[in-house]
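> Attaching a single structure in structure tokens format; questions to follow.
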Amino acid sequence: MTLTLNRQLLTSRQILVAFSGGLDSTVLLHQLVQWRTENPGVALRAIHVHHGLSANADAWVTHCENVCQQWQVPLVVERVQLAQEGLGIEAQARQARYQAFARTLLPGEVLVTAQHLDDQCETFLLALKRGSGPAGLSAMAEVSEFAGTRLIRPLLARTRGELVQWARQYDLRWIEDESNQDDSYDRNFLRLRVVPLLQQRWPHFAEATARSAALCAEQESLLDELLADDLAHCQSPQGTLQIVPMLAMSDARRAAIIRRWLAGQNAPMPSRDALVRIWQEVALAREDASPCLRLGAFEIRRYQSQLWWIKSVTGQSENIVPWQTWLQPLELPAGLGSVQLNAGGDIRPPRADEAVSVRFKAPGLLHIVGRNGGRKLKKIWQELGVPPWLRDTTPLLFYGETLIAAAGVFVTQEGVAEGENGVSFVWQKTLS
């Protein structure tokens, strides 16, 4: 039996296979192992994600380890915890999986997953149920961008029946996830109850939905092409979206621009209602307002007549973080990243009698380099164009009770290095 995967997609010599141990990924890995024998220079690895949702999860790890050992494929096992509020179990598990994939990928390596034609049909129907437009109805692409590399689905044109046939011919063994029989999950409901009925009436229903998905993808690609100049005109060098150029646009054109801007931020596809709210409640809010629309773990805000896509974070104005070993990086609270003092810069290092800390507010009048006279911190933020949501999350370096610098923004006159080896105050952000 010849390989059923689309070998034309496999142009990379480094491949990471998402391997759950189920039928689909077992057939995919088996075919890739065979393909590797024809292409000896290929480096093949597998990754199994342990969600901890099933009592059988440890047994599945053992099964995958045994299979990979037999086929001489290095296996990475990633254990994840699901704790993303506001998402269902399915969405949480998927998010955790793909985060694990992104962490595990090596430079130059591509991710290969085992979705097939029946999966594509289910994805299309789920998008239809949500009322999606062409972008959502495009379902899954055979090749897409992911984590700075590519995600490849070489079985997307094959039915589950073809995979079963392959597995039986080669006497493959796979695991059965008991949750796949739980039709309280939308995808399982479609797989177990709806799609079999549709295919009984129309045997080529899955192929037809795949064609519709491909046509939607084609239309979406054409829209991308036609709107590219508009998007470039509206987008600032910082990646924000300027409101004024969109004021004269039709509602449909404006919504399409906002959707494409969000796609460029790797944001989840917003609903039609969310697009209306972004424009009405954020972009068109009164001038003296600080509008904010929460979308999952992120927010859309307006500042200086621009829309900003940022990760939600709790203000830290009351927080004081001691930095006793200031020669080492300091982890900041609330997922803000880390700071460090690097050799070379215009900030004086602390004296031996000065306790170092990071804070997020500073009282009194401040004297910063490049400005005459004293100003309160709020006024400095305004003059320097620092957005409101960064004002109580930007790390402030203190020696004792003296403000020395704001990371990446300013240095105070008390913090200037004079005739000595200076340091720089560097903030490694983890936020958008």
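Just so you know, glycine gets a Cβ as well, placed from its N, Cα and C.
Look at Swiss-Prot and you will find SER20, GLY21, GLY22, LEU23, ASP24, SER25 tagged as ATP binding site, backed by sequence analysis.
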> In the structure shown, with every protein chain counted, which of the binding-site residues SER20, SER25 has the densest set of Cβ atoms within 10 angstroms of its Cβ?
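For the binding-site residues SER20, SER25, the Cβ with the most other Cβ atoms within 10 Å is SER25.
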> Quick one: which residues besides SER20, GLY21, GLY22, LEU23, ASP24, SER25 have a Cβ within 8 Å of the ATP site's Cβ centroid, in sequence order?
PHE19, THR26, VAL27, LEU28, ALA114, TRP174, ILE175
> Including all protein chains shown, what's the count of other C-beta atoms within 10 A of the C-beta of GLY21 (ATP binding site)?
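So the Cβ neighbour count for GLY21 (ATP binding site) comes to 24.
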> Within its own chain, what residues at least 6 apart in sequence put their Cβ under 8 Å from the Cβ of LEU23 (ATP binding site), listed in sequence order?
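Spatial neighbours, sequence-distant, of LEU23 (ATP binding site): ARG160, LEU163, VAL164, ALA167, TRP174.
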> What is the total of other Cβ atoms whose distance to the Cβ of ASP24 (ATP binding site) is within 10 Å?
23
